[in-house]
Amino acid sequence: MRVVDKMAGLMWAALTLVIGLGLLVPSNGEEYICDSMDIRNRVSNLRQLENCTVIEGYLQILLIDFAEEQDYSGLAFPNLVEITDYFLLYRVRGLTNLSELFPNLAVIRGTNLFFNYALVVFEMLDMQKIGLYSLQNITRGSVRIEKNPNLCYLDTIDWSFIAESGYSNNFIVDNREEEECVNFCPGRCRIKHPVLQDLCWAEEHCQKVCPESCLGNCRDGISGCCHENCIGGCDGPTERDCVACKYFVHNGECLIQCPPDTYQYKDRRCITEEECPNTTNSVWKLHHRKCIPECPSGYTTDINNPRLCTECEGQCPKSCKGGLVDSLAAAQRFRGCTIIEGELKISIRGGDNIIDELEENLGLIEEVGHYVAIVRSYALVTLDFLRSLKRIRGIQKENGYAFYVLDNRNLEKLFDWDRTDITIDEGKLFFHFNPKLCRHVILTMVDKVGLPEHAITDTDISTLTNGDQAQCSFSRLEIEEINTSKDMIILRWSEFRPPDPRDLLSYTVSYRETEDQGIDEYDGQDACGNTEWKEFDVSPTQTAHIITGLKPWTQYALLVKTYTKAGAREGSGAKSDIVYARTDADKPTHPQDVVVYSNSSNTLIITWKPPNRPNGNVTHYIVKYKRQQEDVAEMEQREYCKGGLKPHRPTQGLEDIVNNEEEPNNSTIGDGTCCECPKSEDEIRIEEEEAAFQQEFENFLHNNVYHKRENETRAGRRRRELPVTARPFYSNQTVNVTLPSTNRTVPPTPTPNPNPQLETTVWNEHMVVLTGLRHFSEYIIEVIACNADAAVGCSGSAVELARTQADDSADNIPGNITVVEIKEDMAKLYWPKPDSPNSMVVHYNIEYKKLGSDFNYEQQEPKCVENFKFLQSQGYTISNLVAGNYSVRFRATSFAGNGSWSNYVTFYVEEEDTSPDPQDPQQQVPVSLMIGMGVGFSLLLILAVIFGIWYCTKKRFGDKQMPNGVLYASVNPEYMSSDDVYVPDEWEVPREKITLIRELGQGSFGMVYEGEAKDVVKDEPMVSVAVKTVNESASIRERIEFLNEASVMKTFNCHHVVKLMGVVSKGQPTLVVMELMALGDLKNYLRRHRPEEDVGLSDSPASNEAKNSPFAENDNDLPPTFKDIIQMAGVIADGMSYLAAKKFVHRDLACRNCMVAQDRTVKIGDFGMTRDIYETDYYRKGGKGLLPVRWMSPESLKVGVFTSQSDVWSYGVVLWEMATLASQPYQGKSNEEVLKFVIDGGMLEKPEGCPNKLYDLMKLCWQYRQSMRPTFLEIVEILSPELQAHFNEVSFYHSLDNHGREPLEMDDVALDSGADTETEMYPSGSEFSSTPSPPSETPYSHMNGSHPQNGSMNLRIPKSTLC
């Protein structure tokens, strides 16, 4: 036995080594370096990570809504081993585990952190395990894992081994409770550090812990340390075997320093001088053997070589980009700057010690490249703070002026010319509306800068508005129009025409927030220039202005006035009255301070506060709640009897929230009751710091996540909101305006879905009581605020988790214990399990005693048995019993704690009689019989082996003798017999005649290629074809099924049915050669032609996938016209009429199974071979067959019978698909709801803008009784007048095969006609699961306005439909 155990251990070690080495990505291969990645909105965007081995920057995966777990299947990025900054995961739905996505991510450097953290997992609602089992080093920063309600395996990871430097600052809270997690680590994951503990990422992956001698760096699978220059592991002992390098990597080798003639780049790799970025927009510096973006402190760019840095002599020149100084914070951006590359514009209205602050921040500026403008700086008295200014180059000027001073009410002095010498290279001076600035002060500057005084005009320097205190008279300026939106106001006013047009310098638009009306233009100002008014200058040639960046639902005061020359005639100025306007409403921010508590086992009470920014009149709130499903199968794997169970505390009641229950902080007063002890100052300070830090982190997260998109003109999203998507999370809300404001207790809405997301609307209240909930269950709660204006939408969700209280009697064992069997020294007992326990039963306690014994019943230690073991053995067996009477009782234990003990049950164990009975024939076995049985069994075994070898040989090499199977179009390959075989025939094509050109996409059995076939078509030496393949890993049965489904088309010869060109069945891989349909399938064709202006459709994942298809390059982007739709409908009906004439029932007619040729002719094709590509269009029955329920007729859904008339129903759905450009039928309904809806007589609604005549044809196809539906020939007859003339030449309807057929009238068809072939897909009693339909676009018709509503088609309705 020990030998066997030892061999098993060696095999396991070897397997671990192979797997480890197979997953390892050695760095000595070619690196594929990617920049920072921000992946959001769609799962498909993850493919940007393909081939990346190192991300030099951060990786953010966030805000992916409406995704399911299966959407991530097939996605894996094993090449990625290193991230140099941080890794952020935030609100990604459907993602449960990272082990498959990033199996080899080993290092997160943390060069730049996300708010002090290198790894952040925040509000990942579906995440169950982190699973980064290769992660070995976080070299800088900490870990923050918070608010992940399903995340387990956190206590089985020792982060001190991974993030040693930031371990003390790790923040891991508000995830799934430990006692609710399985957290099962295999025995090989047990280490001693310093105490014995199990460390693993999941049940199949241990945490890698290296010996102390290796300094956290060891090899995978075998013992041994990595080279000292490695981090993240290695696959060998040298510096070339590292997964990642601790210092620098160069040519696949990890080094402490870069070699000569190379430069350190981004602190991780060595590059040559040529590789250091050197472009027009980015000139990196070569300094001290580093390639860096800017010169370090104390150095400046070399004048002769911009690639080098030279040490400064004295004050180091510092170049800065120009900009506006409108506050002290803005001035601080120029601290230390000596050269301004651009303009220096100062417009500062006030502040404490403003001159000192400006001198400290702007006092070193020596040169300005463009111009200096001092505009409306009411707090300035002098410009002496620009004490070092020596040169204004005037490369770009403000309307021709290099020094521009306008409207500075308190400016009295310019510069101290005894210490200042300013040169202006180009441009003039401009001084206007500086009432305290004397003219001689201005002329002094004119002289100092070297401008001739005679070159100065009144247009440049006003003789009347500088140094004067004169009041100007104003004419009335009329505001003609005010338009508002949620964040801007558009003003239009009457044109002002002074006697001399040159007198008008500009208009000034002023605005400010105000709650009241009746203010004047001087309100909000003081003598120091502090003002609440904001102003904009507008060109004198314009009489309109757009004020942007405003707050929604806010009242603003508006004023327009003119600036004219002071020397102009009386009445040359004008201003308007102050008018008021309110911006439009917008969606509010999410509700604040959501608190959920439970006061009973079936109730949750939710309270919240209004949004910080209601942005309108918040009238109601939508509260959504859904019970969190528990993975019972996984949770039962934990051995609760060994580890013990800490009862889970449900969500607190209101009293618990208000009062602190911790006993050490309580004291007793005179009446014996407890009161809360006051907290110490240190405790209060720590709580305040933690709360402030938490708020600061979440603000940082939201401000960095919800950033404004590039090229986006609308206002950026408000922070702390969920993103707005094309399909709002609250799109199915129901607003009941008659609901009383006092009705706050709302029971959950009944629904067939066993665990739906429910919602209720709360009007004019900030609390709701949810009743009828399941006891001791965790619910995810979302509270959404909505304004009265439904058009602006609702807020993002405020999300909380809460658990109802336990039901005290739910864990009690119902009924009595049954003694199933008593045998020798054992008794098998069975008892019924609790019907509806608190969460789930984890184990049972069993107490038994022999009656008459002297030990006390209550003092006996109970036995413990896990629930899953009890279920597996159908009871519990007590062994090692001696004869006598016994008494036993049981109790169940759930996550809520122990249930009540059951009643006593007694049983009797008889004394065993061990003496043999010579008269018992069962105890007498003849030796001859035993020998005969052994020989017979050996012979049977030999015969079975011989038969197995013969059968496998026949299956593998006996293809020539295998008969053909039955051929028919199968939606469900699982239902085909495994005996179906394929025999090569005249359709066989030599493999060498087929040439593959490029991939077109993935098919049901394998890849589909575009190719060329030689000498396959008569008189055509080379033709383009589509080649379907079967995967090399496919089984023999799958290859035969692949060939048999292709064989269906061998008997077809119709222009509107895809033609089979040949089959290559000999050798591997198996090929099926088809007619090339250059524009792909009709579903993607329609989606590629959706108009771009349909925002929510053209941006959908399905539309993007269709537009990125290989077929798109053969296509144009114009949507099909109504005439095109009718033409497509006609040719599809013609192809189906041919199949009906051949007694062939398609059973899966849909746009996905129709193909489009280069000339846009549509043909019936594929016959069941596309179901894997569009798996979301199918519905799996009982884990087996895939059914296209959204295209199936009522009789097919009810009894599983398919005829050509059921194909006509599917044809009507195809017409609906074409009218909506391939929207999904029955959107918003689950597959089970669709099944019931159709069986009950429901049909698809008319798409918006769809012509009545086309919808009438759809309804004809959707007649409930199949005998009332038209045949495909009748449909062609109806449509033929609208079809192109070429149709008559190629159609089956006009062919000799159909010649002489009398048009089939509807009344000629028997009600229960069995003329067509009937096939039964599934038994009538089949059960259907309630899998919801996948998210899809809102149905629409692209034909709005393109034709009269009544259409131009003369639709002839068959006689029988008139009844």
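From the backbone N, Cα and C atoms, a Cβ is placed for every residue, glycine too.
Record features, source Swiss-Prot:
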- ASP1148: active site, proton acceptor (ACT_SITE)
- 1322-1331: compositional bias 'Low complexity' (COMPBIAS)
- 1343-1353: compositional bias 'Polar residues' (COMPBIAS)
- 473-586: domain 'Fibronectin type-III 1' (DOMAIN)
- 590-680: domain 'Fibronectin type-III 2' (DOMAIN)
- ASN97: N-linked glycosylation site (CARBOHYD)
- ASN483: N-linked glycosylation site (CARBOHYD)
- ASN599: N-linked glycosylation site (CARBOHYD)
- ASN617: N-linked glycosylation site (CARBOHYD)
- ASN665: N-linked glycosylation site (CARBOHYD)
- ASN666: N-linked glycosylation site (CARBOHYD)
- ASN711: N-linked glycosylation site (CARBOHYD)
- ASN732: N-linked glycosylation site (CARBOHYD)
- ASN736: N-linked glycosylation site (CARBOHYD)
- ASN816: N-linked glycosylation site (CARBOHYD)
- ASN885: N-linked glycosylation site (CARBOHYD)
- ASN898: N-linked glycosylation site (CARBOHYD)
- 721-928: topological domain 'Extracellular' (TOPO_DOM)
- 929-949: transmembrane segment (TRANSMEM)
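All features noted in Swiss-Prot, drawn onto the structure.
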{"residue": "ASN97", "record": "N-linked glycosylation site", "Cβ within 10 Å": "18"}
{"residue": "ASN483", "record": "N-linked glycosylation site", "Cβ within 10 Å": "12"}
{"residue": "ASN599", "record": "N-linked glycosylation site", "Cβ within 10 Å": "15"}
{"residue": "ASN617", "record": "N-linked glycosylation site", "Cβ within 10 Å": "11"}
{"residue": "ASN816", "record": "N-linked glycosylation site", "Cβ within 10 Å": "10"}
{"residue": "ASN885", "record": "N-linked glycosylation site", "Cβ within 10 Å": "12"}
{"residue": "ASN898", "record": "N-linked glycosylation site", "Cβ within 10 Å": "14"}
{"residue": "ASP1148", "record": "active site, proton acceptor", "Cβ within 10 Å": "27"}
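The distance from the Cα of ASN885 (N-linked glycosylation site) to the Cα of ASN483 (N-linked glycosylation site) comes to 93 Å. Among the recorded positions ASN599, ASN898, ASP1148, the residue whose Cα lies closest in space to that of ASN97 (N-linked glycosylation site) is ASN898. Using a Cβ-Cβ cut-off under 8 Å and counting only residues 6 or more beyond its ends in the same chain, the transmembrane segment (929-949) has no close neighbours at all.
Considering only the glycosylation sites ASN483, ASN599, ASN898, the residue whose Cα is spatially closest to the Cα of ASN617 (N-linked glycosylation site) is ASN483.
The average per-residue pLDDT of the prediction over the domain 'Fibronectin type-III 2' (590-680) is 71, rounded to a whole number. Shown for the domain 'Fibronectin type-III 1' (473-586): DSSP residue counts in helix, strand and coil, namely 3 helix, 50 strand, 61 coil. Nearest by CA distance to ASN599 (N-linked glycosylation site), out of the recorded positions ASN483, ASN816, ASN898, ASP1148, is ASN898. Among the recorded positions listed here, namely ASN816, ASN898, ASP1148, ASP1148 has its C-alpha nearest to that of ASN483 (N-linked glycosylation site).
ASN816 (N-linked glycosylation site) sits 18 Å from ASN898 (N-linked glycosylation site), counting Cα to Cα. Reduced to three states, the DSSP call for ASN599 (N-linked glycosylation site) is strand.
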